[in-house]
Each structure stands twice: as structure tokens, then as C-alpha cells.
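Here is what Swiss-Prot records for this protein:
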{"type": "DOMAIN", "residues": "160-483", "note": "domain 'NACHT'"}
{"type": "BINDING", "residues": "Gly166, Thr167, Val168, Gly169, Thr170, Gly171, Lys172, Ser173", "note": "ATP binding site"}
{"type": "REPEAT", "residues": "778-801", "note": "repeat 'LRR 4'"}
{"type": "REPEAT", "residues": "858-877", "note": "repeat 'LRR 7'"}
Amino acid sequence: MRWGCHLPRTSWGSGLGRTPQLPDEHISFLIQWSWPFKGVHPLRPPRAFIRYHGNSADSAPPPGRHGQLFRSISATEAIQRHRRNLTEWFSRLPREERQFGPTFALDTVHVDPVIRESTPDELLRPSTELATGHQQTQAGLPPLALSQLFDPDSCGRRVQTVVLYGTVGTGKSTLVRKMVLDWCYGRLPAFELLIPFSCEDLSSLGSTPASLCQLVTQRYTPLKEVLPLMTAAGSRLLFVLHGLERLNLDFRLAGTGLCSDPEEPGPPAAIIVNLLRKYMLPEASILVTTRPSTISRIPSKYVGRYGEICGFSDTNLQKLYFQLRLNQPDCGYGAGGASVSVTPAQRDNLIQMLSRNLEGHHQIAAACFLPSYCWLVCATLHFLHAPTPAGQTLTSIYTSFLRLNFSGETLDSTHTSNLSLMSYAARTMGKLAYEGVSSRKTYFSEEDVRGCLEAGIKTEEEFQLLQIFRRDALRFFLAPCVEPGHLGTFVFTVPAMQEYLAALYIVLGLRKTALQRVGKEVVEFVGRVGEDVSLVLGIVAKLLPLRILPLLFNLLKVVPRVFGRMVSKSREAVAQAMVLEMFREEDYYNDDVLDQMGASILGVEGPRRHPDEPSEDEVFELFPMFMGGLLSAHNRAVLAQLGCPIKNLDALENAQAIKKKLGKLGRQVLPPSELLDHLFFHYEFQNQRFSAEVLGSLRQLNLAGVRMTPLKCTVVASVLGSGRHPLDEVNLASCQLDPAGLHTLMPVLLRARKLGLQLNNLGPEACRDLRDLLLHDQCQITTLRLSNNPLTAAGVGLLMDGLAGNTSVTHLSLLHTDLGDEGLELLAAQLDRNKQLQELNVAYNGAGDTVALALAKAAREHPSLELLHLYFNELSSEGRQVLRDLGGSGEGGARVVASLTEGTAVSEYWSVILSEVQRNVHSWDPLRVQRHLKLLLRDLEDSRGATLNPWRKAQLLRVEGEVKTLLEQLGGSGH
């Protein structure tokens with residue numbers, strides 16, 4: 001899978017980060033601890049930051065009167081307050097970044113993207129769109145470090161204005177944010193004063209007159225005292241103009257007059273134009289960031305250097321970014337309050353797997369060329385493996401990702417429509433994505449892409465908007481395919497983005513048939529004229545007794561209802577397609593969708609499929625998940641901010657259509673992985689009432705074999721934890737469940753009648769939660785299977801405390817739980833504390849004759865116990881014989897099963913014993929099992945030799961054959 005990185009915006013847009021420049025094939029960098037420079041604003045304790053050779057922190061200030069301008073005490077204090085204010089403002093992170101842990105901060109974890117110097121001639125070339133819009137840095141001028149942006153050009157001329165441009169997602173906003181913080185900490189000594197402006201903020205002022213001094217003091221009050229010195233600051237004053245595409249600049253003298261006075265009021269756009277003209281503050285340095293489509297708004301004669309932000313064009317930069325991000329310590333608590341902190345070893349393993357996948361899977365490296373998608377990779381891995389904040393869903397991560405990149409972004413600020421860039425992307429890229437999902441393909445030809453982009457374009461104005469989208473945002477969504485066998489095609493930058501956009505295209509109601517479009521126009525026309533026509537027809541009908549008029553009158557009322565039914569049928573068809581995609585039988589034996597997503601990022605260990613082999617059928621199991629997630633209230637609110645509102649009525653009708661289809665198909669028994677996908681859909685939807693109605697018929701929760709990560713435990717608990725009806729059986733066998741997961745699942749386990757927890761990682765610490773579960777007043781468990789867990793004697797003591805106060809459990813399996821003599825002795829001593837138990841299985845626990853006999857006697861005296869399993873313990877022949885005799889006595893009490901025989905006959909429980917062996921043959925110690933089977937085989941042979949009954953001999957021979965077959969499977973001799 002292919003993904004990327006991005007940082008919060010507040011008013012500073014989207015993007016990621018910083019990498020001063022590097023040679024083509026080598027990245028020389030040093031991760032080090034550093035205080036701010038001595039004497040320069042010690043605002044914070046030491047921070048780890050990335051420094052490449054040639055960083056501005058190492059460059060000497062320019063010659064001249066540097067350091068002499070703001071020497072007065074008042075000016076120095078004003079600058080220091082300005083630095084503190086900027087640090088406070090630019091260090092604030094949105095919620096999406098705080099998820100990475102309490103110590104995460106932009107000034108501690110940052111990697112610069114590659115910046116390549118470009119020339120005006122390159123900017124005049126026609127856009128090459130996707131075919132060459134790849135991450136390869138073009139030959140020619142070398143990459144630039146931040147410290148080199150204002151170095152003299154190749155002709156020795158001083159550079160005063162630098163324009164940095166890049167498509168959505170390349171890291172413009174984060175680069176600016178980090179540059180400001182660098183100045184605040186003294187790592188940009190070439191500039192004594194830095195004044196950042198957000199062009200989005202300036203555009204909100206419209207044409208309201210304001211002078212440059214007013215614009216500065218309104219935003220940075222401490223600078224009032226240094227404004228008189230601004231004109232003398234020269235190149236040591238740096239203006240940062242971020243997001244120039246938000247301003248409509250007119251450099252014609254007829255449109256914007258000349259003005260050199262910083263105190264002269266004028267429209268903000270005019271102030272910026274005169275700054276860029278070098279007519280106002282001609283010596284000041286200016287750094288501009290913008291999108292590619294708006295570079296031409298500044299005449300090239302006013303620009304000293306152009307720099308293209310090329311993202312992470314080297315996988316070493318991507319690896320460094322992932323290492324810094326993923327090594328941040330988390331808070332250690334999941335949504336359920338359980339301690340589920342990720343260990344350093346687990347984080348290292350994630351980073352190593354991701355690094356190997358970057359090296360061997362070129363498509364994910366192509367996606368992570370955009371720093372924004374590196375952010376998405378980290379956010380997704382954090383969601384899959386770290387503690388999950390309450391209410392966070394996969395859909396919300398993708399929606400937040402788009403908000404970080406597209407919030408407030410318009411396609412063209414000069415266009416009267418003020419069309420949202422995300423809205424345009426949903427219509428065009430969503431159409432391509434949905435057509436791909438419908439036809440089950442992920443590779444698109446250039447004709448496919450053009451067909452979706454140019455559909456419905458009729459005017460020159462629409463064509464111009466399309467060209468802007470192509471230059472600024474198309475590379476964000478689509479990337480050239482670099483996989484063998486598919487060169488020359490395009491894919492969505494990450495596969496999941498295709499499914500997200502397809503779902504968005506549907507829930508926004510953008511998919512319409514020709515009949516629906518015509519019907520909508522007819523309804524709108526009827527709505528406009530219907531009332532007037534109805535009034536006229538009513539008057540005419542009273543004057544002239546024409547029978548046709550009432551018919552026409554009623555037809556006008558019918559048209560909206562017919563169209564409403566058409567829309568309803570369309571929603572039902574979409575819901576049907578979504579549910580069928582969720583329950584495709586072809587996907588029944590796939591991994592669950594969360595494991596699929598993790599594997600797409602981290603890769604799958606083992607040999608890769610040969611390029612010439614036929615490809616597997618494409619799977620789009622995330623598409624229905626995203627459809628449900630986009631209908632949740634939180635995601636609809638965020639989408640509305642992006643200019644993609646989903647009406648409440650539309651969301652309700654879509655949800656009703658989905659519920660209707662889920663109610664029909666959701667009752668079928670699903671394989672464990674598909675059942676988890678079904679529950680994940682409800683988790684994404686975040687609607688408890690909806691889930692309770694759809695899942696009200698669920699009686700069996702079979703997740704056996706599903707790897708229950710902390711996230712999956714959270715999903716199951718949040719969806720089913722609030723239900724009221726009991727679950728006949730909850731099967732969590734072989735789920736790699738640990739104590740933290742067990743704690744998270746407690747609300748679900750309380751509803752279970754039969755609970756299977758065998759073959760997990762539950763040790764003595766898990767028995768504390770099991771004890772609390774058994775003592776809970778709502779516990780209704782009757783059968784509890786804990787076999788093949790390392791409970792030990794310490795754990796069984798806690799279990800007995802729970803059983804002492806429990807009134808529901810009748811069947812308890814402690815098969816192969818490492819109890820030993822100590823554990824069985826404890827059971828024998830405390831068994832009488834419980835009065836309801838009917839069956840107890842303590843087979844294969846390494847117990848000897850003495851404690852086994854003591855437990856058997858305690859079981860015989862128990863008021864309700866009917867059956868005790870003791871086979872496969874370390875029993876001697878004499879011990880087994882004593883237990884057989886005890887179980888066969890006619891004094892009543894529990895039956896004791898210690899062998900395959902009862903006297904000279906086959907035990908009626910022989911099939912139970914051999915079934916347990918068959919079921920666990922691959923997880924138990926083969927040598928130990930062989931030894932026990934040979935002892936049982938000897939018992940069978942002895943019993944066969946001691947009986948003359950031919951029927952019994954035949955039964956004994958049959959069981960002997962079964963035992964010999966098992967021995968052969970284990971590699972032992974059946975003789």
C-alpha cells in the first residue's frame with residue numbers, strides 16, 4: 001500500500017516538513033541534542049532536531065552591521081516577546097498530531113523535504129501532469145538547503161525574494177512552521193526579525209484599507225516598538241508570505257498603484273504587491289509559498305529564486321521520518337482504560353518491517369514521496385498498533401488527513417464560485433474511484449483518468465479550473481504505477497484512498513443515472529411553476545366542468561413522489577451493492593480488513609508473487625467501511641468544513657437503506673474474519689442505536705483464529721459492549737489474546753453463556769480479570785474454557801476466589817494450563833467453595849498420583865460435580881488403576897476419567913480424550929503426547945487381554961487403531 005505524511009494547519013495550511021539539502025545519492029545528517037544558541041532566547045529545554053550539513057544553524061550571518069540594529073533594551077525585549085509569542089502560536093498542534101504521544105512536538109521531530117531550484121523557463125513549459133510528475137529530481141540545478149535560499153544566484157546577484165512552490169501535500173505549511181520555530185530558537189541568525197503572514201488571513205480582510213504597520217501590529221503587538229526601525233533593517237528583515245494562492249494580486253499599475261510608505265493604508269493585496277515589487281521596504285527579504293498554478297501571479301522580474309518542494313525523493317528521508325515519528329512514546333492507555341502501551345521492541349519491529357517494505361515495494365515508496373502520505377502511514381500504523389483514543393476510527397483518520405491538507409483550500413481564489421478544492425476532487429477523483437470499485441480495478445489508463453476529469457466540461461472557464469486542479473492536486477490523489485507489468489498506468493496514491501473517495505462520491509449523492517438527472521430537472525421545474533398552475537387549474541375547474549383538469553392537477557402532485565421513489569430505489573441499490581461487497585463469499589477466507597491494511601503497509605514476509613503470475617481478484621472490503629464511517633456525525637461535520645456537506649436527511653435515508661439490507665444478509669453465519677469486518681463496519685459508523693437494531697439477532701460471536709490486537713478488542717467491545725441480549729457463545733480461541741485485551745472485552749464477556757478462551761496468552765495476571773468477571777452480578781457464563789493457557793497455580797487460586805462467589809458456571813476446562821501438583825492440590829482444598837460446578841477438566845497438567853487422588857476424592861464429595869477429567873497427567877499405572885476403581889465404584893459422586901478404559905471395557909469418554917489430542921496435536925509437546933498415548937495404548941492392550949467378550953475386544957481394537965494413527969501423525973511408532 002502507498003501512503004504519506006502531513007502536519008496540522010490551523011491557519012497555516014497543510015504539508016510537512018524540512019530537509020536541508022543533500023547530495024543526490026547520499027544523505028548526510030546528524031541527530032543531536034542542542035540548546036538554543038547562547039545568548040539567544042533560551043525559550044525551551046534542549047530538543048532533538050535534525051541537522052544536515054549546510055543548515056542555517058551553521059551558516060555565518062552576512063557581513064555588515066548584523067546584530068547592531070535592535071541593540072536598545074526596549075527593542076531587544078520586544079523582539080524577545082515576539083519570539084515567545086510566535087513559539088507559542090506555531091507550536092500548537094491539532095488533535096490529529098497529539099495522538100502521537102505527549103512528547104511529540106514539531107520542533108523535536110522534523111525532516112525537511114527536498115527543495116530543487118528551478119528556472120523561469122521551466123515554469124513556462126506546459127504542465128506534464130502525471131506522466132512525468134514523479135518524484136525524480138530533474139537533472140540540472142542542485143537541491144537547495146534552507147540556509148541557501150537567500151544565497152547569491154549563479155551570476156552573483158543578491159537574492160531578496162524566494163518563491164517556494166509545491167503541490168498539495170509536499171510540505172509547504174510545515175516547512176514554514178518549522179522555519180519560524182527555527183528563527184525563534186536562534187537557528188536562523190541571518191535574520192534579526194521575522195514577520196510571518198498567512199495570506200488566508202489577509203484575504204479575509206477583503207479590500208479594507210490597512211497599512212503595513214497596522215497589519216504587523218494587529219497581529220504582533222510587541223513589534224510596535226520596533227516599527228520605526230523596520231525601514232533600516234534591510235535584508236535582516238524577513239517577511240514570510242504563506243499560501244499566496246489565497247490572494248488575488250494585480251501587478252498592473254492601473255490595478256495597484258505604487259506605494260512606498262509602510263504607514264500608508266491600502267488594501268492588503270496592494271500592500272503585498274508593493275512589497276514584492278520592492279517599492280516598499282526594498283531591502284527586505286521575502287519568502288513566498290504557493291501552489292504551482294499561481295506562480296505566474298508574481299512577475300518573474302520580481303523573483304530572485306524559485307524553489308520546487310519535491311517531497312521525500314529519497315527513501316532514506318522517508319525512513320528517517322518514520323523512525324522519528326513512530327518512536328514517540330504513547331500515553332499507554334486505550335479507549336477502555338486498559339494499559340496497552342507499545343513497547344520499544346514492538347516499535348522497532350514496526351520500523352524495521354516498514355523499512356524493508358520501502359526497499360522492496362516501490363509503489364509505497366512512490367506514495368511516501370509526498371510527506372503528507374508519510375503522515376498517513378504513521379497515523380494508520382498508530383491506529384492499528386498503539387492505544388486507540390476513544391471514538392477514533394479509520395474513516396476519521398482519512399477525513400482528518402484531508403482536512404489537514406485541504407481545509408479552507410479553494411480551487412481558484414479569483415473565481416466567483418469560490419469552489420472548494422476538496423469538493424472538486426470528490427466529484428472528479430471520486431468518480432474515477434467509484435468506477436474502479438464497480439469494475440474491480442485499481443490500475444487506470446490515461447484515457448480513464450482524462451475521461452473522469454473532462455466529463456461534463458463545456459466552457460473555457462470550466463477548463464481553466466480543471467487545469468488548476470491538474471497542476472495543484474492531481475498528483476496528491478494519483479501516482480504513476482511503478483509495478484512490473486503495469487507501467488504506463490496510474491493508481492491511487494494509496495489503495496485505501498480509492499475506496500474512501502468512492503464511498504465519498506456515493507454519500508455525497510454525486511452518482512446519478514441519466515434518468516435521475518432528468519427527473520431532478522423535471523421536479524425542479526414543476527416545483528417552480530406548480531403552485532401557479534395549480535391555482536389556475538383550480539379556478540378554471542370551477543368555471544368549466546372539464547374532467548381532464550383534475551387529472552392534470554393530480555399529475556402535478558405525483559411527479560415529486562415518483563422522483564422521490566426513484567431516489568429511494570437508487571439508495572437501496574447502492575446499499576445492496578455495499579452489503580454484497582461486505583459479504584462476498586470469495587473473501588470469506590481472507591484476513592480481516594485490519595490485518596489486510598497492516599500487511600499493505602508493513603509488507604508480508606516471504607516470497608513475492610512473480611510478475612507473470614495471474615493477479616488475484618481485487619478486494620474492496622474497505623469501501624463499505626468507509627461508507628458507514630462517512631455517515632457518522634463527526635465525519636459529516638469535518639466534511640462540511642471541506643465544502644462537502646452531507647445533509648442530515650440524506651444521511652438518514654442512506655442509513656435506513658443500509659440497515660434494511662444488513663438486516664436481511666447480516667443474519668447469516670459468517671466466518672470469523674468476515675464477522676470482525678461486519679463489527680468493524682459498525683465501529684466506523686459510530687451509531688449505537690443503529691448497531692443495536694442490526695445486531696439484535698446475533699447470538700454467536702465466533703472470532704476463533706482472528707488475531708485480537710488492542711484495536712480489534714476495542715472494536716468488539718464498543719460495538720457489542722452496550723447490547724442487552726445474551727450471547728449463546730463467545731468463541732475467542734487461538735486469538736493471541738492477552739490480559740489487556742481480556743480487560744477491554746469485559747463488557748462483551750458479561751453477555752456470554754459459553755465462553756471459549758482456549759489457546760491464548762492468558763497468564764496468572766489475566767485471572768484477576770476472570771475473577772472479577774465471575775464475581776460480577778451480571779455474569780451469566782455457564783461454560784468456561786481456559787485450556788492451553790499458562791494460568792499456573794497462582795492463577796487458579798484467583799479463579800477459585802471467583803468460582804466461590806459465582807452461581808452460573810457449571811463446566812470449567814483447565815486442560816493444559818500448567819497447574820502442576822500445586823495447582824491441583826489447591827483445587828482439591830478449595831473445590832467445596834463452589835456448589836454449582838458439574839464438570840471439571842484438569843487433564844494434561846503434570847500432576848502426580850497423590851494430588852490427582854486427592855482431587856478425585858474431593859470431586860466425589862462435591863454436591864454437584866458429575867465429571868472430572870484427569871487423563872494425560874503424570875500418573876503411574878497403579879495410580880490410573882486406583883482412579884479407575886474410584887470412578888467405577890457405585891457410591892455415587894463424580895465420575896473420574898483418567899484413561900481410555902474402564903476396567904476391561906472402553907471408556908465412554910474415549911472419543912472426548914482422543915478429540916482433545918487431535919485438536920491440540922500441533923500445539924502440545926509431541927514427545928510428551930507420544931509418551932502419554934503409549935501408556936494409554938498399553939492400557940488398551942492390557943484390557944483387551946483381560947477380557948473374553950468379543951464385542952469389547954472389537955471396541956478395544958478400534959480405539960487402539962485410533963491411538964496408533966495419532967502416534968503415526970506425531971512421528972512415533974504405534975507398536
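Yeah, the Cβs are placed from backbone N, Cα and C, and that goes for glycine too.
In three-state terms derived from DSSP, Lys172 (ATP binding site) belongs to a helical segment. Burial estimate for the binding-site residues (Gly166, Gly169, Gly171): highest at Gly171, by number of other CB atoms within 10 Å. Per DSSP, the secondary structure of the repeat 'LRR 7' (858-877) breaks down as 5 helix, 3 strand, 12 coil. For the binding-site residues given as Thr170, Ser173, the lowest number of other CB atoms within 10 Å of the residue's CB is seen at Ser173. Here the repeat 'LRR 4' (778-801) returns a mean pLDDT of 95 for the predicted model. Sparsest Cβ environment among the binding-site residues Thr167, Val168, Lys172 (other Cβ atoms counted within 10 Å): Thr167. Summarised by DSSP class, the composition of the repeat 'LRR 4' (778-801) is 10 helix, 3 strand, 11 coil.
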